[in-house]
Every structure is written in C-alpha cells, then in structure tokens.
Amino acid sequence: MALEGGGKAGRRRGWGGGFPSLMRRKQVDSDRARAEGQPKLAKELNVPALVAIGVGSTIGAGVYVLVGTVAREHAGPALTISFLIAGIAAALSAFCYAELASRCPSAGSAYHYSYICVGEGIAWLIGWALVLEYTIGGSAVARGISPNIALFFGGPDSLPWILSRHQLPWFDVIVDPCAAGLVFIVTVLLCVGIKESSAVQGIVTVLNACVMLFVIVAGSYIGFQIGWVGYKVTDGYFPYGINGMLAGSATVFFAYIGFDTVASTAEEVKNPQRDLPLGIGAALSICCFLYMMVSVVIVGLVPYFAMDPDTPISSAFAKHGMQWAMYVVTSGAVLALCSTLMGSLLPQPRILMAMARDGLLPSFFADVNKRTQVPVKSTVVSGVCAAVLSFFMDVSQLAGMVSVGTLLAFTIVAVSILILRYVPPDEVPLPSSLQESLRLSQEYDEERVSSTFGDERSKTSQIKDVIVAESMEDPLIEKKIYTSKMDEMKRRKVAALSIGSVCVGVLVITSAASATWLPFLPICIGCIIGAVFLVAGLGLLYWTDQDDGRHSFGQSGGFTCPFVPLLPVMCILVNTYLLINLGFVSDLPKTINFFNHTTRCLQFHYIFSLSPTLNIHSFWIVLFSGGTWMRVGIWLLIGVLVYIFYGRTHSSLTDVVYVPVAQADEIYRSSSGYVS
C-alpha cells in the first residue's frame, strides 16, 4: 500500500506499541485540533485578567511569615537582595513559559508543551505530576484558611460549630468543614465561567495588594520616624555572608511560583501572542516589587535577630504601638489564601481536559459545557477530590510533593525551548481521517512523475517536480540536494547530542553538589565531570545554528525567549538543583544540617496557612526528608501503570502517519475539513 511503501511517511504508522510510543509527539496547531470537532473554551481573558490570575496565584500567605524566618536565619538586612535574586531565577522559567505559551496557546501548560517538543511519555508524567501538585496544593491552602479566620473570632476554638474543626470519634482524624466548604464555593465559581471567576479573583487580589501596600506605606512612615533601626545593626548588611543571602534566595524562590497558572489559561486568552507574555511578565514583576518593598520596610523596623519568626509583620507594628494592625495583616493572609485557592483549582481541570483530548484519559474529562464554555466535569471532579482531601486529611506532610511537580514542569519547559530552537519536530502526525488524502496525493505524484519521464520531448523544467526531474539529467543538482540534506541531518544530530550533554551535565553536577554527606574528593570529581558535560554541550549549542523551522513553529508573531541557549540552560540548572535537594536527606540529623547549611525550597503560601503560629522548623524537617521523594515515586508509579494499561493504547496518536511538515500543510489546505 502507499501508506506503507510510499516513503518515510508511510513507514512510520503510529510508531507501534511499547517503548516507541513514549516518543510520540503531537502537532502544535491547536486550531486544526479544534477543527476536528473538539469544543472551544471561551476566549474572555485579557492582560488585566491574566495579571490578576498570576499575582493572585503567586502571592500567598507565606510572605507574611517568610520575611521573618529568612531574615532571622539566613539573609538579615540583605533579605531584599534575596528576593531580587529569587525573582531573577524565577524569571528564567517565566521567559521560557512566555515563548511556549504564545507559540502553543492551548490548554495544558507544561504538559502540552512537553507533548509537542519532547514526547508522550514525558508529557504524561508531567501532566500526572501537575494533577498531584494542584490537588494537594489546593487542599493545603483550603485547610489553612479556618485557623486564620478564627483569629477574628478570638482564637482557634472560637469559630462557629459548623465551621470549626472536629475530631471524629473512634478515628484519629480531624475534619475541617470550613476548608471543604470553601473548596466547593470556589468550584462552583469556576464552573460559572472563566470571565466571572477571573473577575472575582481580580477583586480578591487587589484587596490583598492593598494590604501589602498598607504595610509598605505605614511601615515606611514608622521607619522614617525611628530612623530605620533595623539597618543600624553591628553585624552589617550581610550578617550571614553572601552564602546566607544566597541560601535565603533559594528559600524564597517558591514565593514566586504561580505565573505558570497564567499559561494554563492560554486557550481562553483573546490575543495569546501579545497578552500571555505581558501577563506573565507583569505578574512576576508586580510580585517581585511587592516582596522587595515589604522586606525593605519590615527589616528596617525591627533588627533581624529580634523578629518574630511566626508573625514578623504584626509584631513589628505592635512594637510601635499599632496592635490593631494584626487584624489588617490577618485579613491580607486570608485574602491571599482565598486567591491562591482559586489559582490552585483553576489549572487542574484544563490539564485533565488536555490529557483527555489526547486520549490519555477518558473522554469524560474533555467535555466542555456549551453554555459556560468551561470544562465543568473536570472542574467538579477536581473540586470534589480537593474538598474530600481537605476535609479529612492534614495534608501538611504532603505539601513537599507540590514542589516536585512545579520543578519538574519548570525543567521540562526549559528543555522544550532548546528542542524548539535546535531540533523542532520536522514531522507531524496525520490523523486517520486524512490518511486517504495522503494516499491519493502520493499516487497522483507518482503518476505525474511516471508520465513525465515517459515523454522524452517534454521539458522537465515545466513540471511540478522540476528538481527531481532535473537531477536525473544534472548530477550536480542531485549532489547539492543530497549534501544539503546530509548537512541538516548532521546539524540536528549534533544539536540533539548537545542538549543531551547539557542535561546529563546538569544532573551530575547538581547531584554531586547536593551530596554533602560524601567526602570532599568524590564531590569535586562529580562536579568536574558534570561541568565538562555541561560546558561541552553549551559550547556546541552556541556553535550550532538554530533550526530555520523555529520561525514557523506554532503561531508566529509572539514572544521570543532571549539569550538562547544560555537562559534555558541556567533555568534547567537552577530548577534541577532545587529539585534534587528535595530528596537527598535520609535522616533527621542530616535534615537539620541540610536546613542550616544548604539551599532549601518550600511553598510557604501552602504551609504557613496551616497555622498562624506555625513551627517552621518542623515543616522543614518533614518536607526535606526522604519521604517526599518516596511519596512522589509512588504517585508516579501509579501514573506509569495508568499509562501502560490505558493511555498508551487509547492515545490519539496510536493510528497516525507521520509526514513532513510541508506535506501536512498541503494536505490540510486541500482537505475540506481544514479550518483556517
């Protein structure tokens, strides 16, 4: 048959089963996918809505304790610089997200990008990890709202009976009806429509920003009156040295997580090529400005060693006669938690919908309500799971798993940028509905070529296949075409090996640098080996030309990530280092030492919310134990089994033919089902 013997395209039907299915890559053009009958999401979001979603999902309640903990134990008065460095590190991932979101504006975020650039297997694991991240994150946030609300009623035990926590008899379980109720309320709001839910989140975010502005303005007034005593300490601006400041940067890095929520709404943006990069950049910039200004003020009001590690902002105002400020700060914490809860529950239904569209999950999750144009079924399932989890379980010990999903997504997005620039997919899957068009096109081309060579008097320069015909008469043309193809194949091979070398080098060097319990010599050897791979791969990428196909990859005219390949490589390095440091501690003494001497990462807006008088050290010990990776490993193993027994065989790419991009474009244009 033509499909099986008609050249390269015909020989690669669906990649078969087993391991090759892990490397299947889907097509980037979302418009074609929707033209095949998939329902559309409502395009209602603009730049202000995206900024509200990004800022609301990023600024959690953690900032209200983060300044005290990091200033006391790591950065001192240099806390502002720690926030700045962390913001720059987060911007590395933001640049990568901005380009991919504008080029591939479909639901799914990192899952969608990795499916297009890397392959089905990696995409499935990323999507599966993100599902876990948003479920646990939303549950942890919801569970932390009731203790903060209780402060307005006089204490933890002062909430109305229907909202307060209760211990179930005969079970060692404390239920939280307030948390479950808030999750249900947010779920209903998300089902109403993206326009309505984004408007509510915008209002809550503005109110939270007003609280932070109050802290900045009122704190500055007090600071000028007292002479900024916090900056007059005898230890200087860097009491813990440069290493302490950098350790503080690693700690506050996760205070910037949330802009990836903006990317998950890409399909609902009116002008994704313009609005998505602006929304991501503006949200991250606003968060960085607010974090830095709050840290400047609070560190100046109270010497860093005298800060309250649990309530640094409230206690700073209380020391200067403003005890009532506690209620303002607590209001900001509650507002931040509510906004973060909406930001946690918003992306998950869209990721489930994207995975179901691709056949990796049942089609139930891909259903979009015709009236609200929202994936209602996925939203309800996500909300019910988060509500049940927040009602019955204390998810604080699971919150470290949230960091794993975030860092995995950030890392794979940076790798996708390198693939897009140097080795973008040169073939795309052709669905079974268009394979007949491919067969007819191949037969038509064969007949034209055959009839052309049968007529010796015809002039080959006048036919469609002029290059093929002329090459038979002029060997130089044939040699030139062959040489050009071989050079391109060599370039792609070198680029692919270079990207692999970078990834191996990053993994080796970060693993060696994190293995602090090993002797000094093995650590040095590992770092040297990793640095060789990293520098060699980066050098080859600089020497290798980027692929011309990157200009036509996805939707053109959007944001372009600068400083490639250096920026995505630095992004991979930072995120991998933080990712490995989540699980390289196996016992309590090493955990405490690791907390005191190396970089750490934690989503404080998920953790602080559990109690306004949180013992921070206990959470560090829990989150950075080997149990974090054990739990993540179990979840990913479950995901592998689901993929093997369902996703692999139900994937939309199981019965497709891969054809060159130019040929696919021609077939789509000639097909009556194509929608421009």
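In case you wondered, yes, glycine gets a Cβ from its N, Cα and C as well.
Summarising the annotation, TrEMBL assigns domain 'Cationic amino acid transporter C-terminal' to 559-585 (among others).
The domain 'Cationic amino acid transporter C-terminal' annotation in TrEMBL covers 621-651 (among others).
The feature region 'Disordered' is assigned by TrEMBL to 1-33.
TrEMBL lists 47-67 (among others) with the feature transmembrane segment.
Beyond the transmembrane segment (79-98), the same-chain residues lying 6 or more positions past its ends with a Cβ under 8 Å from any Cβ of the stretch are 67, 70-71, 245-246, 248-253, 255-257, 259-260, 262-263, 276-277, 280-281, 284, 287-288, 291-292, 295-296, 299, 304, 410, 413-414, 416-417, 559, 561-562, 567-568, 570-571, 574-575. For 79-98 (among others), the entry in TrEMBL reads transmembrane segment.
Marked as transmembrane segment by TrEMBL: 110-131 (among others). Taking Cβ pairs closer than 8 Å, the transmembrane segment (110-131) reaches residues 21-28, 100, 104, 260, 263, 347-348, 351-352, 354-355, 358, 360, 404-405, 408-410, 412-413, 415-416, 419-420, 424-425, 632, 635-636, 639-640, 642-643, 647, 651, 653 in its own chain, all 6 or more past its ends.
Among residues of the same chain six or more beyond the transmembrane segment (206-231), those with a C-beta under 8 A of the stretch's C-beta atoms are 52, 55-56, 59, 63, 77, 237, 286, 290, 293-294, 297-304, 313, 316-317, 320, 322, 325, 328-329, 331-332, 335-336, 339. The feature transmembrane segment is assigned by TrEMBL to 206-231 (among others).
A Cβ distance under 8 Å defines the sequence-distant neighbours of the transmembrane segment (237-259), meaning residues of its chain 6+ beyond its ends; these are 54-60, 62-63, 66, 69-71, 74-79, 81-83, 85-87, 89-90, 94, 97, 231, 280, 283-284, 287-288, 291, 304, 340, 343, 403, 406, 578, 597-605. Look at TrEMBL and you will find 237-259 (among others) tagged as transmembrane segment.
Below 8 angstroms of C-beta separation, residues 47, 50-51, 53-55, 58-59, 63, 67-68, 71-72, 75-77, 79-80, 82-84, 87, 90-91, 94, 97-98, 101, 209, 212, 215-216, 219-220, 222-223, 226, 228-231, 233, 239, 252, 255-256, 258-259, 262-263, 312-313, 315-317, 319-320 of the same chain, each at least six residues beyond the ends of the transmembrane segment (280-304), sit close to that stretch. According to TrEMBL, the transmembrane segment annotation covers 280-304 (among others).
The transmembrane segment annotation in TrEMBL covers 324-346 (among others).
Look at TrEMBL and you will find 374-392 (among others) tagged as transmembrane segment.
Annotation source TrEMBL lists transmembrane segment at 398-420 (among others).
Sequence annotations record features per position, and here TrEMBL assigns transmembrane segment to 494-514 (among others). Sequence-distant neighbours of the transmembrane segment (494-514) (same chain, 6+ residues past either end, Cβ-Cβ under 8 Å): 415, 418-419, 422-423, 522-523, 525-527, 529-538, 540-541, 544, 547, 565, 569, 572-573, 576-577, 580-581, 584, 598.
For 520-543 (among others), the entry in TrEMBL reads transmembrane segment.
Among the features that TrEMBL reports, transmembrane segment is placed at 563-585 (among others).
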### Message
Test of understanding: applying the rule of at least three C-beta pairs under 8 Å (pairs 6 or more apart in sequence), is the transmembrane segment (324-346) touching the transmembrane segment (374-392)?
### Response
yes
### the domain 'Cationic amino acid transporter C-terminal' (559-585) - residue tally per DSSP class, helix then strand then coil
15 helix, 0 strand, 12 coil
